[in-house]
Amino acid sequence: QVLVYDLLFGKGLKCGGRWKALARRHRARLEAELARLKVQQKVSRNEDLLAPARAASPGASQVPRYVRVNTLKTCVDDVIDFFKRQGYSYLGKAASVEELRALSGKKFLLDLHLPELLVFPPQTDFHDSLLYTSGHIILQDKASCLPAFLLGPAAGSHVIDACAAPGNKTSHLAAILKNKGQIFAFDVDTKRLATMNTMLTRAGVTGFQLAQQDFLTVDPGDPKYSKVTHILLDPSCSGSGMVNRVPREEAAPSAERLQALAGFQRKVLSHALSFPALRRLVYSTCSLHREENEDVVRAVLQERGSAFRCAGLGGDGTQRRVLRGSVLTLVPRHRLVNAFPSWPCRGLAAFPGAESCLRASPADTLTHGFFVAVLERHGEGAAAPSSLPAAAEENPQHGEGTKAGAAPKKKRRKKQRVK
């Protein structure tokens, strides 16, 4: 069926061998049947025979095409120049989400939040572009770029990507690290890991170790991970926020399914927080459900508080115990960071402080539905929590101070130029 579709409706046969020969041998008969079918259906174009494309969700058609520049191979300025030579019109840095919404034709913008993200009109296809096939650009939704950006490990850091495949976030981490440091990436699926290895190699990523292993079985006490200071945790979820994957008529996950997912997510988040040198962790899902998002974060913060041997946990996430008739408030070991204060959509009011979390949606942020929470270790020997990742503090271009319309500065060390 795929071969017949490619032969009659697509761009021709790209396969080889006996299947291609077989399809070509019957081409005349297939085309005759196609002509007869168009007569029966009273249509003149092949496209009119195809079933109308099912909208994945109400917001799918308005989500722009986001293109992340892979700074391991090139720079933003060179990619912008390349697209301009391809006939696209560059409009500068966006000042608002409404500017992204108004994009049409062959026009594109630099994203208003993420400094290495270009924005094109919805359905713009770059899968055949030389930049994509060579790994100079990564086709990645804006919301999916938030976890690595907000984790923001400094160059030289040791990082765990706990549920890594298919690898877009891993390659983003490597770009932030500038290939300096170490990434440990885990996934249980052999085929997904193989695909991920190919993608990371194409993107020019070095200094990574892939392991076919359930992250829950990784020993935090293993000396190999003694220097891990950052963890990106994007566990399995309902996927209810993926506008291009979930048909609108698909039933919502049952309460039992959500509880099972949330149980796993709580377990894996708690496990991640047990790594001894951990300083910063990002927990994210592509789910819209509170059970997988705010409720998971609250439950784990409460659970981790028990390690302080306190009598109880306050509603604000702090531990309290009675000391000679007075209440002593203890600082929690991990706490939420009010990350990315300029981001418009915050967490649901499931508990005090939940507004520190981020949410994303097609309607409000022109992205897939997403949830992100940033946790930092706080206490003796730990740095004070920051709303900006370490990489953003080192590199002003990641911060809030970039002026609208300003082009990113070229890096001193020359990258591989896009020809």
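Positions of Cβ are set from backbone N, Cα and C atoms, glycine also.
Taken from TrEMBL, the feature S-adenosyl-L-methionine binding site applies to C163, A164, A165, P166, G167, N168, K169, D187, D214, D234. If you look up TrEMBL, you'll see 20-47 marked as coiled coil. Positions annotated as compositional bias 'Basic residues' by TrEMBL: 408-419. Annotation comment: TrEMBL describes 382-419 as region 'Disordered'.
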- Task: Give the sequence-ordered list of residues that share a chain with K169 (S-adenosyl-L-methionine binding site), lie 6 or more positions from it, and have CB atoms under 8 Å from its CB.
- Result: S144, P147, A148, D161, L232, D234
- Average pLDDT across the coiled coil (20-47), rounded to a whole number: 74
- Measure between the Cα atoms of every pair in C163, A164, A165, P166, G167, N168, K169, D187, D214, D234, the residues the record assigns to S-adenosyl-L-methionine, and report the largest value in Å, rounded to a whole number. 19
- Message: Quiz question: given the binding-site residues C163, A165, which has the greatest number of C-beta atoms lying within 10 angstroms of its own C-beta?
- Response: A165
- Cβ atoms other than its own within 10 Å of the Cβ of D214 (S-adenosyl-L-methionine binding site), all chains, total 13
- Task: Within 10 Å of the Cβ of G167 (S-adenosyl-L-methionine binding site), how many other Cβ atoms can you find? Include all protein chains, please.
- Result: 26
